[in-house]
Amino acid sequence: MDRKKILVSLLIIIIAIVLGLAYRFYSIHVWNQNPSKYYYKGNALYTEYDAFYYSYYAKAFSEGLYKPLKQDPLRFYPDKIATFPPVIFMISFLSAELSKLLHISIENLSVYMVPILAVLFVIPLVFYLMDLGYPFAAFSSSVTGVLSLIYIARTLIARLRPDCMNLFFPLAIAYFLYLSQFRQPKKSYLYAFLAGIFAQLYYWWYMHEGIILAFAIVYIVSFGFTEISKKSFLHIFNFDIYRKRWKEIVIFLISTNPIILYMGIHNAIFLINVYLIDFFRPTMGVFPNVFVSIAEAARVNLHYLAQLTSGNFAVFIASLVGLALFLIFNYKKFLVFLPLFFIGLMAFKGAERFAMYLAPFLGLGFGYIFDLLIKLNFKKINNVKNILAGVFAVVLTLVPLAPNIVIAEPKITPQLEANFINLGKITPKSAVIWTWWDYGTAIEYLANRATFHDGQSQIYPKTYFIATSYSDSDPKIAYNTISSISNIGNTGIEKLLKQKNSPQEIRDKIFNGQFNAPLKRPTYFAFTQDEIGKFGWINDFGTWDFKKKKGLFEPIGQLGDCSKISKDTISCGLNEINTKKMYLKTPSLKLDINTLAIYDNKQLTVKSLDIGSLYIDIVYSENSKINVYILEKQPFYSMFNQMYILRNYDPKYFQLIYDNFPTMVLYKVNKVPLK
């Protein structure tokens with residue numbers, strides 16, 4: 001590139017980085033206005049569940065407890081298959097080292113580190129498009145990438161997870177592969193080497209070798225495509241072409257590390273099975289598929305996809321048209337970007353998380369339209385037509401994205417973080433926590449206690465059985481499930497499946513206590529406030545019908561702003577509950593209450609009329625707050641409602657040892673049932 005192109009490239013990069021940081025750091029201003037909501041003892045609260053996972057490894061590394069490929073003592077109990085990764089994730093390593101160097105907590109470091117890393121991808125992207133001579137495409141792709149709603153949401157402050165560099169490394173790899181194809185031999189060798197180094201760094205960052213393997217395959221095949229002429233398509237099968245460029249190919253493969261490429265075969269098969277084949281099936285294998293309950297894994301429609309990426313449906317359609325034109329006229333120089341591009345295209349079939357990979361390419365397409373229309377000549381940069389076109393392109397790119405101001409919201413409350421830290425004090429070091437998977441790694445990180453599953457191991461059959469302990473109405477079955485899983489683990493379930501036991505047969509054997517044994521380690525059943533909103537899905541899995549391949553999605557509703565206005569009347573906004581006459585009155589109708597449970601001052605009172613289908617819990621907290629929950633019959637009698645909301649439990653199987661409702665309620669599971 002000449003000097004003028006370099007200066008324009010730097011200007012675009014600076015604009016994109018400044019905009020990207022401004023939108024992300026705005027959350028800091030909001031947080032500082034209300035620190036009691038966003039910080040706990042001066043430390044930022046994480047805005048992503050997975051942040052606890054990477055912090056857990058950073059903490060283990062700092063304390064000298066990280067043992068590559070050795071069993072992880074806190075994860076996926078009782079199975080001994082959870083091991084520390086062969087290499088610590090780069091994001092965990094950076095967090096540990098920078099935290100130590102800067103004398104700052106990992107949590108507070110993530111407030112600044114994540115947004116800064118998130119905007120760096122514009123560097124290789126802008127240089128690539130400017131090298132092709134497309135300044136408008138460079139501007140629009142970089143700005144759309146950093147300001148797309150999906151990418152902002154996934155790279156907010158305190159969101160410590162690999163997303164923040166998952167565009168940078170693939171784009172850097174592709175950019176250097178592109179340069180190695182279209183530069184003189186000596187320089188091409190250097191660029192192939194740099195591409196390999198960035199591929200290794202990408203593995204260290206994300207550890208998805210399958211994507212790196214895809215880059216290697218596309219890179220090799222692309223040499224054949226660059227020689228395609230109008231006369232013959234068969235050049236791609238001409239071995240002489242690859243023989244001429246064998247040095248670049250070998251340099252890239254060696255510098256990438258052949259071991260990583262070999263591992264990529266297995267990883268690619270896994271990624272295809274998970275994200276393309278099993279992703280939206282109701283079952284994964286023979287047990288219910290938890291992916292269908294994960295918000296970021298949800299499939300999106302075109303209008304929502306447009307909002308997540310381009311910010312506007314008209315711009316979205318124009319971007320697709322422009323992108324198609326770009327691919328037609330520049331496909332030879334785009335081939336090495338295909339692995340990343342295909343991940344972006346999965347947003348049309350797969351989950352919304354893939355939209356962050358699509359956004360920069362849509363921006364490329366939108367900007368390319370202006371490059372085609374204007375054909376900007378850098379020798380005539382002062383041309384009025386070019387200036388007006390530039391302003392028009394900038395405005396049309398920015399206006400749909402301007403409203404994308406997202407305030408980072410913690411995934412954990414200060415009260416729950418305090419409770420998890422306290423959990424490590426009120427339970428023995430050998431304790432194991434039975435709870436839903438979302439806060440698994442939070443417990444491992446904050447309480448230093450083992451869990452049965454977490455956000456990195458929720459796809460196994462064990463998760464189904466944990467769900468049943470929430471949804472079933474029989475405390476004996478809940479106990480038998482905990483005892484059986486503690487004894488045989490997921491390994492035992494897989495063994496039973498190989499012995500031709502059906503899922504129903506395995507479930508029945510576990511429910512009947514066939515695999516019960518005295519608990520080897522102190523085991524605790526923890527309920528947390530977030531599970532109220534998640535109960536619909538937990539119950540769906542826990543009541544799964546293996547023949548119909550569906551469960552009962554029965555969420556628990558909650559009425560807000562409740563207060564007692566008379567001895568027998570509770571007002572919740574526009575709704576009114578009469579506890580004596582047993583009815584719920586709304587602005588439009590009056591409903592009979594079948595069963596009313598009132599928990600006040602550690603006493604439970606249950607009234608029943610056996611008419612209607614409405615079940616209501618009224619729970620008085622120590623701070624005099626009134627919590628009102630609306631349920632159907634099945635959720636009302638579930639262990640979740642009885643043990644967590646109503647504190648109604650069977651002491652034969654469980655002991656209530658910590659009650660800070662609604663933040664957390666904790667039971668100790670008896671080693672053996674009491675007589």
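Count begins at 1; order follows the chain as displayed.
For all residues, glycine too, the Cβ spot is worked out from N, Cα and C.
Caution: TrEMBL annotation is automatic and unverified by curators.
If you look up TrEMBL, you'll see 432-547 marked as domain 'STT3/PglB/AglB core'. Helix, strand and coil residue tallies for the domain 'STT3/PglB/AglB core' (432-547), in that order: 68 helix, 12 strand, 36 coil [DSSP].
The annotation transmembrane segment is assigned in TrEMBL to 7-26 (among others).
Annotation source TrEMBL lists transmembrane segment at 81-99 (among others). Only residues 6 or more beyond the boundaries of the transmembrane segment (81-99), in the same chain, are considered here, and those with a CB under 8 A from a CB of the stretch are 54-55, 57-62, 66-72, 75, 105-106, 109-110, 113, 160-162, 164-165, 201, 204-205, 207, 457, 490-491.
Under the heading transmembrane segment, TrEMBL lists 111-130 (among others).
Within the same chain, residues 9, 12-13, 15-17, 19-20, 23-25, 27-28, 31, 44, 47, 110-112, 114-115, 118-119, 121-122, 125-126, 129-130, 163-164, 167, 307-311, 319, 326, 352-353, 355-356, 359-371, 374, 376, 389-390, 393-394, 397-398, 401, 404, 406, 408 sit at least 6 positions outside the transmembrane segment (136-157) and bring their C-beta atoms closer than 8 Å to a C-beta of that stretch. The feature transmembrane segment is assigned by TrEMBL to 136-157 (among others).
TrEMBL lists 211-228 (among others) with the feature transmembrane segment.
Feature annotation from TrEMBL assigns transmembrane segment to 249-277 (among others).
Among the features that TrEMBL reports, transmembrane segment is placed at 311-329 (among others). Counting only same-chain residues 6+ beyond the ends of the transmembrane segment (311-329), those with a CB under 8 A from a CB of the stretch are 137, 144, 147-149, 302-303, 305, 361-369, 372, 396, 399-401, 403-404.
For 334-351 (among others), the entry in TrEMBL reads transmembrane segment.
Residues 121, 125, 129, 133-145, 148, 150-151, 166-167, 171, 305, 308-310, 315-316, 318-326, 340-341, 343-347, 385-386, 389-390, 392-393, 396-397 of the same chain lie 6+ residues outside the transmembrane segment (357-374) yet bring a C-beta within less than 8 angstroms of a C-beta in it. Annotation comment: TrEMBL describes 357-374 (among others) as transmembrane segment.
Residues of the same chain lying 6 or more positions beyond the ends of the transmembrane segment (386-407) and with a Cβ under 8 Å from any Cβ of it are 23, 26-27, 30, 136, 139-140, 143-144, 147-149, 152-153, 156, 310-312, 315, 363, 366-367, 370, 373-374, 376-377, 380. Annotation source TrEMBL lists transmembrane segment at 386-407 (among others).
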Go through the chain and flag residues at least 6 beyond the ends of the transmembrane segment (211-228) whose CB is under 8 A from any CB in it; none is fine as an answer.
170, 173-174, 177, 181, 195, 199, 202-203, 235-238, 241-242, 245, 249, 252-253, 256, 260-261, 264-265, 267-268, 271, 331-332, 335-336, 338-339, 342-343
Near the transmembrane segment (249-277), which same-chain residues lie under 8 Å Cβ to Cβ, leaving out any that are not at least 6 residues past its ends?
177, 180, 189, 192-193, 195-197, 199-200, 203, 208-214, 216, 219-220, 223, 242, 346, 349-351, 459
